[in-house]
Amino acid sequence: MLVLKTTDKEFSPRFQSLVSDRREATVDVSGTVRDILAHVKARGDAAVQEYTSRFDHYRPHSHHLSAAFIAEQAAKCSDEVKAALELAAERISSFHQKQLPQDIGYTDTAGVKLGLNWVALSQVGIYVPGGRASYPSSVLMNALPAKIAGVERIVMTVPMPHGEINPAVLAAAQVAGVTEIYSIGGAQAVGALAYGTETITPVDKIVGPGNAYVAEAKRQVFGTVGIDSIAGPSEILVVADRQNNPEWIAWDLLSQAEHDPSAQSILITDSESFAQQVIAAVEQILTTLPSQKVASSSWQNHGAVIIVRDLAESIPLLNQLAPEHVELCVDNPQLLASQIKCAGSLFLGRYTPEAIGDYLGGPNHVLPTSRSARFASGLSVYDFLKRITYLECNQAALQKIGQSAVTLAETEGLPAHAGSVAVRLQGLKDM
């Protein structure tokens, strides 16, 4: 765990080292993934069966999960879990419903009609991890925006190691309106969604997090299908003053550290004594935390505490780090928030732990990582929509603007472009 002070002479190079810390998997899996995708593309269901048997020790007669099986598994969830999923779905849906954009249409001064129509994607694939990262909340966060956007076919793949699955994942799929579910994981699932098999119709876009193999598979199929992003390890940055309870902040830091040994948790504070209290609280919590092994590895190898002269000094540091999650645990969080340009999502005030956003705050928890918040945004309804523009010229409008189009086409040396306009202009003169 790194401790930095902006007053130290060596702060700048040490901070830049933190900014450039590459926490993604260092093993090159591109060749393995390329082979898996090629086999799935060429051999379809047979290849999917072989990889599922090899990696998940599971060989079903069909990977398609029936409505009866889904209902049977979902029924295993307690009433409390079902109610929590319903509440989360309600809040997520409400926020994303408000994102739906309006079509644009107008007639300009030349008499040309112009516009833009929003159109939903036809079919989308959602990858849901198994194992440690089997999260029903991710089902809601990926599927609900697609449903609200108007996607008609929402296909989910989820691995079932040894034939087992988290019932809450299937309950969440029911709540979110997923239309098809297949028990496939890994790069082979991405291949099946992208290329299709004898039993799986290919989709137009693939969203959802996964391990290094899934991330690389999404990278390789991009172009054949759309993708949301290449997800990296989780991140949280907490800006906190001395008025906070250090134990609260420690729990917040560990909430992301427990995701992955490569996750990163950073505290920025203007109080050195408070920083030491938080560090001590983290160490104390780790002694009894069930996820101690993962969280401790993350904290020790990638955690950081930065002590600044004042909280205003945190803003340029934060914008350079461009973290996935930012908590502003200060008296006037809106003041700092207005200056933040690079972050996935903000959590304002002392009573808004990031975990609320993970489950049922409303905004999406699929957020840019690995400093991609410099240029990317979290998952939203817009990820499941396309924009189609249109133009309509009548005779008078073409006569007003057409000759300029001919001039530009001739300037670019494209005579057929020029001719397609000029022939119409001549036709209008001859009328």
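Using the three backbone atoms N, Cα and C, a Cβ is placed for every residue, glycine included.
Together with SER234, GLN256, HIS259, HIS325, GLU412, HIS417, the substrate site in Swiss-Prot holds one more listed residue from ASP103, ASP108, ASP358, which is ASP358. Rounded to the nearest whole angstrom, the C-alpha distance between HIS325 (active site, proton acceptor) and HIS259 (substrate binding site) is 13. Neighbour counts of Cβ atoms within 10 Å were compared for the recorded positions HIS259, HIS325, and the top value is held by HIS325. Around ASN211 (NAD(+) binding site), taking its Cβ as the centre, 20 other Cβ atoms fall within 10 Å, counting all chains. Rounded to a whole value, the Cα-Cα separation of TYR127 (NAD(+) binding site) and SER234 (substrate binding site) is 17 Å. When Cβ atoms from all protein chains are considered, those within 10 Å of GLU412 (substrate binding site) total 10, not counting its own.
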